[in-house]
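Engineer: My questions will all concern the structure given below.
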Amino acid sequence: MDLPVLLITNGVLLPEARLKVPIRTKTNLAMLDRFVLNKVGSAKTLILVAYRIEEEKKTFETGTIALIEQVVCWSYNSHVQYTLHLLGVSRARIESFALPIASVKQLYTVPGDLNDEIKVEFLRNLKDFLTYLTFESIESAITLKKLLEEKNFDALADFSVAQLREVSFSTMLDYLATLDTSRRVLLANEWIKECIKSQSDPNEQLKRDHHKELVKLGTLIPANDLAKLRDKAQNVVRKYGSRVKSGNSVEALEGKLRDAQLPDGIRDRVWEEYDRLKGMNNQQSEYNVLLNYLDLVAALPWGKSTPDHIDISKARQVLDVTHDGMDKVKKRVLEFLAVRKLTDHATGPILCFSGPPGIGKTSIAKAIAKSLGRKFERMSLGGIRDESDIRGHRRTYVAAMSGRIIQALKHAGTNNPVILLDEVDKLYAGVSGSPSAALLEVLDPEQNNSFVDHYLNLPFDLSNVIFIATANDLSQVEAPLLDRMEVIEMSGYSHREKLHIAQNHLLPRQLDKNGICPDHLIVNPDAILHMIESYTMEAGVRQLERQLGAVCRHGALKLAEALNTDIAADVIPELHLPIVIDRTAVEHILGIAKFERLNLVKKLGRFKPGMVFGLSVSVLGGKVMPIEATTNPGKGKVQTTGKLGDVLKESIEVAKTWIRANSGRLSCSSLTDIDAHVHIPEGAVKKDGPSAGCAIVSALYSLAANRCVRSDTAVTGEISLTGHVLPVGGIKEKVLGAHRAGIRRVILPESNRADASELDDTIKAEMQIIFVETIDELLNVIMEKESGIKVLSKL
Ligand SMILES: Nc1ncnc2c1ncn2[C@@H]1O[C@H](COP(=O)(O)OP(=O)(O)OP(=O)(O)O)[C@@H](O)[C@H]1O
């Protein structure tokens, strides 16, 4: 039989007995995770308890097959702990071991030669032992009483021995391995006798006598009346002055509370709670709740803060060393720091970095904390839909916890950390309140000096904390929240910028992570560019870092193989250092290019009438959006496909009407005797927004005039019925998206000229950017051959 293994180094579980085993080692945790926690009805699983003898560095050959009766999970100081409640089922011999599984054979006991004299003596001793046990554990006493009635000597020996604490681990293991029942009864009888003798101390005797009188176990008390028994037993304990064994944690707590620098307003309230705790019995259910609460209060950094060292030139250095480019963002961050230095004001604007993933929003926030010398805490808000995640649960709830803000402060250990509210756009309002409403209070400098977490129920001053937020999509951030923040928009990187980031930051980091000396592995710039163009399609650099990691791991394997002297000489690969990674090596390591140089121009070749490249932007950055239109005989209807939203459909109507109204002047069909069909591929993705207007009017004109649009050009811009091209958002991302796709000519609305001027110089140098004010101008520059349309006067 194969069973999951729980390996323990002290305590022995005998059949019939129960044992509580806290899970502390990684092996046991892995076993629990794999075989118990992931299983529906995880309790009632059979496992093997195996015993490790540390001195001999071996595992005892006999183990115990056990039934998991209960898995208790509790969290203390944010550590999750598991304890297994086990019931011994039978002995087993371990035949083979491959942690976390062992192949075992169940062992059966043999009766042996047990004489009547010993039996009678053993039963008499057990009756005395029962009295002692009543005082120690009522449940065990009841089980022993039942076994005594059954006169099952095998079980009586095991169960009674399991109750003894004095027997050493190794003696207990020998006992476990003894299959002869008569031999075990002899041993048990001896040990029980000794135990009873050692209990003959007059004080202990007095307690037991009194207890005997009180509970009269065996005649009066029914087995199921445990609660009553427990109460009575506790009364005895109190009467005889046994101290509640809670001294250690409560006394330690007192010291911690004294060191906690509690503010004046709350000190008395906390000590009142502490006095209440001291007066409680540790068996009371509220005891642990209050203990955990006061532990949190003591652990919070009420008066601890890190001194600010704002040195602007050092901050500039930190930002430059950690981040390439991003000049605008760095400038704004330095201004922010400068204002903090001069005003000495705790409150200031809350910065919100917005942009596609992997462009360094989180890492720049980390750099701010570093340049201020403050602690950094990241709070991921993605998917939070409950107010209590931010503000905590009220203490009256079972398993109540403090909110994330308080947890972050506890973790930081100072009351002035930089807290990054990551992904504020992914907060959702759930059934139990809106988390963004809770964040409003946190971020409001007027209110946050007395932030009250529901669990803590004491005001905590958050005014020294610097909050920085990040978002991928600002349109998803609730307006009141957005209003409290100063948004710094960050855009994706060009290929050249990515190359610099890779050379200066990502590659050195990956080399270091994989334990490779930079002199031993060189990745050519050409190879990095190949990875950027053909193996990643992203605005940021996260995928690129992953690919560089793969290349470094390949190098690490080569180096490790060459160093490994255990490998037979003929298989040691010959290694010439440094290992140089070029384009071919990249293809060999990373396999077939995932984004075969997405040069749409080359791929699609010459367009047919009705085809055009639009530009779109999503949370992942800018992208080229091919648009197709075709005609059929009909009555001037326009059909649309490709999961288009209402605004996009309306743009198509505007384009159609404009062409119809201007067809005479443009010498093209008015599209009244034909039906047009406009399709935007990637049909599963919803598309919307007015910015495809220019592309759609170009496609419809191309159909109406039966002329082709230039396939090396992409366009974005909204159109009006009067023929004007209106500004749109996301210009930088869209141009970068076109550049990534291999397009070098883009047409943008004239009103977006200022946005385009913010583009990186290398991009500006490589791209031809044409600005247009009217649809006439647009058609003149977008068609394959000059349309020669006479541009009407502009409004
Ligand atoms: N300009 C840069 N210079 C150096 N490293 C950079 C730069 N931009 C990004 N990185 C690196 O790219 C990685 C990803 O960045 P980060 O985690 O900060 O992205 P993010 O914008 O916060 O993404 P998300 O929105 O997914 O959270 C980090 O290791 C970061 O150091």
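Counting begins at 1 with the first residue displayed.
Here the Cβ of each residue, glycine as well, is placed from N, Cα and C on the backbone.
Okay, these came from TrEMBL:
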DOMAIN    3-196  domain 'Lon N-terminal'
BINDING   Gly355, Pro356, Pro357, Gly358, Ile359, Gly360, Lys361, Thr362  ATP binding site
DOMAIN    606-785  domain 'Lon proteolytic'
ACT_SITE  Ser691  active site
ACT_SITE  Lys734  active site
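Set these features in their place in the structure for me.
Structural biologist: Along the domain 'Lon N-terminal' (3-196), the predicted structure has mean pLDDT 83.
In the three-state DSSP assignment, the secondary structure recorded for Pro356 (ATP binding site) is coil.
Sequence-distant neighbours of Ser691 (active site) (same chain, 6+ residues apart, CB-CB distance under 8 A): Gly614, Leu615, Ser616, Thr716, Gly717, Glu718, Val728, Gly729, Gly730.
All protein chains considered, the CB of Lys734 (active site) has 30 other CB atoms within 10 Å.
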Engineer: Other residues with Cβ within 8 Å of the Cβ centroid of Gly355, Pro356, Pro357, Gly358, Ile359, Gly360, Lys361, Thr362 at the ATP site?
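Structural biologist: What remains near the Cβ centre is Phe353, Thr470, Asn472, Met490, Ala539, Gly540, Arg542.
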Engineer: List nothing but the one residue from Ile359, Lys361, Thr362 whose Cβ has the fewest other Cβ atoms within 10 Å; the candidates are the binding-site residues.
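Structural biologist: Taking Ile359, Lys361, Thr362 as the binding-site residues, the minimal 10 Å Cβ count falls on Thr362.
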Engineer: Once the chains shown are all counted, how many other Cβ atoms turn up within 10 Å of the Cβ of Pro357 (ATP binding site)?
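Structural biologist: Counting Cβ neighbours of Pro357 (ATP binding site) within 10 Å gives 19.
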Engineer: May I ask which of the recorded positions Pro356, Thr362, Lys734 have a CB within less than 6 Å of any atom of ligand 1, listed in sequence order?
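Structural biologist: Among Pro356, Thr362, Lys734, near ligand 1: Thr362.
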Engineer: Using DSSP and three states only, what is Thr362 (ATP binding site)?
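Structural biologist: The three-state answer is helix.
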